[in-house]
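Listed in Swiss-Prot for this protein:
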REGION    538-613  region 'Type E motif'
REGION    614-644  region 'Type E(+) motif'
REPEAT    59-93  repeat 'PPR 1'
REPEAT    125-159  repeat 'PPR 3'
REPEAT    194-224  repeat 'PPR 5'
REPEAT    226-260  repeat 'PPR 6'
REPEAT    261-295  repeat 'PPR 7'
REPEAT    296-326  repeat 'PPR 8'
REPEAT    327-361  repeat 'PPR 9'
REPEAT    362-396  repeat 'PPR 10'
REPEAT    401-431  repeat 'PPR 11'
REPEAT    432-466  repeat 'PPR 12'
REPEAT    467-497  repeat 'PPR 13'
REPEAT    503-537  repeat 'PPR 14'
């Protein structure tokens, strides 16, 4: 029975709908809840007064058609006027479709509360429920859509073929078991062979990585001309790293003449990105250009990501520069590419361009740029980013996002600013093991051994379990601060107390600690007693300690083993050369350099940098490409001349 919209009371609404209505406890008990609908009626009635003759000749069918146009255009103002007109004419009592059209209009305009209120005053049928379910999904409330569907079933109303596609679009709020139940009912009602229902099922199963179920639904569909079906299946296989199956589906799609859309292109590109198949990825790039999808922003973003993951920086940049439109994802992708390829200066330069373009950075942007500031020791830019995070509200004491705090803290540590790093650490509401490890490692590298050990004690008291990285930081702290006994104890406690098996990194720290303390024989014995220690890092550490303490005999042993492990690396040659120089054996120095030439080994050029107001200036040995090279060289020559005049000598002299 149709109930008058003006006389509807909330007790006629179901429990699922009630939660969307006002919850003022004082008013709720004192007045009839129908006031919520009366308020809406008052609003829409006022709209018609603006132009009382505008809808004078409208009948129910005309009003419904007009509401559909309002929904398409998201013109809720005109929709409200039609609503008011329909109320005054009594159309809502005469036609159930009128109420459904109103629900649909308000939902498409994003006014879900009004859609729910109108639904509460309309006759309950499958069309009204479909409009409400679709509205919740479109407006980002899939959980509410699922609850509405359950209420619909509880009221004995059977879904139709339009219910399932809308509901399945909100499968993010479901469990796999829910999808199977929906599938079972669709099969029972005979809708499982419908193209749109099938597409929704394939997509939903793929989201849950249940590709066998998705493939079964796909194979049983009589009509497979919809590219959405194929895209969902390609995505499903890609998500579980079955790239060959994904490409087989794509090949079959093309064989059957199904049109390739931008979603198809991005689905296949994602498969090639993860698998690292750059050659086939380039073929898809060509297909995108051929089909007119090459300039699409989503496709361009996927191409940047694919080329970047393969370290094809030039190609990724070329696509980026050719884009007419760039969104936040575009900028984040190209920033990640430059950072991944080691172009740290380029990363910061792009970040400046991003800010100038008016795009506001998000957490992803900042956690990409902050490590770059740390690698370049660009403290000024790191502090500017920190300030932006505070002003924009991305960083506050109530935030539970440890990752962004850890990135900020790590930047300060790498820039040598332990005071600000500790300030960020102390401001964190929740600290995970990474937070403690960053501070322990920071104190250790800066030779603040006591502070590192104090931090470890606080970590244990806070109930945070140390891990492998924690002990790397502790052993580094002991090495840099000369805490020999403490370092030995930590190595022993790793297995006995914390049940952590030491790795080559831990032994390398201990050997470095022993070498710095002139315990070279003990360091050597440890290195040869543990097969895990037979690596270049350990032998390079021993060789460096031999140079420090003038142990030429052990240096020869370490240098020989280092040469055997990495004959093409310059580090061992340089260390041996320095050992011979300090021992005054210049003929051996020449022999080492001859060996480097024969092996075609080149010394890695030295690098230094300085942070000025206009950015970071980097200098490499023998490189003359800096725009101010001549001026800098002239000033440097003048300084050296003054040094010689005061009887100082440079290192080269």
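Each position is counted from 1, following the chain as shown.
In case you wondered, yes, glycine gets a Cβ from its N, Cα and C as well.
Predicted, not measured: the structure shown is a model, and the values here were computed from it.
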With a Cβ cut-off under 8 Å, give me the same-chain residues at least six positions beyond the ends of the repeat 'PPR 12' (432-466) that come close to it.
402, 405-406, 409-410, 412-413, 416, 418, 421-422, 425, 472-474, 476-483, 486, 498, 500
Just to be sure I understand, if DSSP states are collapsed into helix, strand and coil, how many residues of the region 'Type E(+) motif' (614-644) fall in each?
16 helix, 6 strand, 9 coil
Limited to the repeat 'PPR 1' (59-93), I'd like the whole-number average of pLDDT.
79
Based on DSSP, tally up the residues of the repeat 'PPR 5' (194-224) by helix, strand and coil.
23 helix, 0 strand, 8 coil
Counting only residues 6 or more past its boundaries, what in the same chain has a CB within less than 8 Å of a CB in the repeat 'PPR 7' (261-295)?
227-228, 230-231, 234-235, 237-238, 241, 243, 246-247, 250, 253, 302-303, 305-307, 309-310, 312, 322-324
Residue counts in helix (H, G, I), strand (E, B) and coil for the repeat 'PPR 3' (125-159), per DSSP?
26 helix, 0 strand, 9 coil
